[in-house]
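Taken from TrEMBL, the feature active site covers His252, Cys300. Among the features that TrEMBL reports, compositional bias 'Acidic residues' is placed at 109-118. The domain 'CARD' annotation in TrEMBL covers 1-92. Annotation source TrEMBL lists domain 'Caspase family p20' at 176-304. TrEMBL lists 334-419 with the feature domain 'Caspase family p10'. Annotation source TrEMBL lists region 'Disordered' at 87-131.
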Amino acid sequence: MADKKPSKEDPVNMVKLLARNVLDGILDDLMENNVLNTEELRNLGKGLNFMVNNAGNLVDNITEKAQMAGKILKDRLLSHPKQLSLEYQRESEDQESEESSASSSSSTESEEENEESKDEERAASAHSMAVPPTAPLEIQGAQPSGRLKLCPHAHFRELKTKRADEIYPVMEKEGRTRLALIICNKEFHYLLNRNGSELDLLGMQDLLENLGYSVVIEENLTAQEMETALRQFAARPEHQSSDSTFLVFMSHGILNGICGTKHWDQEPDVLHDDTIFEIFNNRNCRSLRDKPKVIIMQACRGSGAGIVWFTTDSGKASAETHGQLLQSSICNDAVTKAHVEKDFIAFKSSTPHNVSWRHEISGSVFISQIIYYFKEYSWSHHLEEIFRKVQRSFETPNVVTQLPTIERLSMTRYFYLFPGN
C-alpha cells in the first residue's frame, strides 16, 4: 500500500511532515557523534512530539485571535480618527475665526475638518523639520547634545576683554537679576485652541532659566491684559541690575500683531507690535536703556504659503528686489536720529503675510529650532549668528514652508549670552 501523502489543502500537516524530516536528520547526526545519548534523545523527542502535534491548535488559535484583533483595531481606527492625527496647525487667525464663528454643532465641525484634511496631511510631513540637525564637528561645548552647552570661564573672560568695544556688557552672575517674560495664549473664545503650545512654553522656560533668566509666565490673555502685563514687567526694578531681557510671544497672529484670546473678525483683539516696542523703548523703560531687548514671536502673520515657483532666469526679479531694498534703506532717519528705539531685535516665525506652523503633539517647528540652536551655539556665537542658523534650517522649502525673519534690528553691538557665566 502506498504511503499516505498529506493533502495539499492541509498546510498544518505539511508543516508537521517537513519538521519531522528535518529533525530526523539532525537527531541522527547528534547520535552518531555522541552528542546525545538514548535517554536524552527520548526526553527531547517527547517535547518535540508535543510541539508538532499541537501545531494545528496553535495555528487555529492564532487565526481566531488575529481575526478578533483585526476587528477591534478596525473599529478603534474608524471611531477615533482624531487620536491618530499628528497634524500641523496654522497659527493664523483668518481661517480659524471663520470656522469658529460659523460652526455651532459637531456635524459642522466635522465638515470643516474634512475640508482641511488635505492641508493637514501635507503639513504632517514637515514634522521632520523639527528634528535637530547634526551640529558641526568643530563646535564643542561643555555639555552633551540635548543640553545647553556651557561657555568655559576662560573663553568668557578672553572674549569679554578682547572685544569689549564690540559686544554688549555682560554682568557677573553674582548680583545679576535677569528677567524674561513668556506670554502663551493657548485657549481662545472664537479661534481654534493652540494644542501643542504647552510644549513650546515648557521648552522656552527651561532654555531661558538655564541661560540665567528668571522667567515670568502669563497665559491666555486678551490684548489689553497682554499690554498690562508688559507694562508691569517693564517696570520691574530687577531690570536695573540686569544686562538684558527676553520677551517671548506665542499665539495666533496677524500681519503686525499678536491675537488676544477674544479675537475674531468682527471684533479684533490684537496687541500690535508698535505697542510692544513703545513700552520698552528708551523713553519708557530706562532700566533697560542700552541693554539688549530680544523679542521672539511664534505666530502667523497672514494666510499665505510663503513660496513662489520661478524659472532659472531671475534677473528681472533681482533688479526689482534691489530697487525695493534701496528705497527702504532711505526712509528711517527720524527714528535713528532720535535713538528712541534702540538695542532691539525681533525674531518672528514667518515672513509678512505668511503662515507659521505648529504641531499638535510636538509644538512649533520654529520654537524647537530656536531651542536646539541656542543649546548648541550660545556658548560661542552671538545672538544674530544663532538666529541666522535657525533661518538657514528653514532655507530649503519643504512640504510645509515658513521662513523666520529678523526685524526691527537696532542693536549696535554683538550680544553674547555666555551660558554658565
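Each Cβ is built from the backbone N, Cα and C atoms, and glycine gets one as well.
As the structure is a computational prediction, the values presented were derived from the model and not from experiment.
Comparing local CB density within 10 A for the active-site residues His252, Cys300, the maximum falls on Cys300. Confidence annotation: the domain 'Caspase family p20' (176-304) carries a mean pLDDT of 96 in the model. Distance from the CA of His252 (active site) to the CA of Cys300 (active site) is 6 Å. Sorting each residue of the domain 'Caspase family p10' (334-419) by its DSSP state yields 29 helix, 15 strand, 42 coil.
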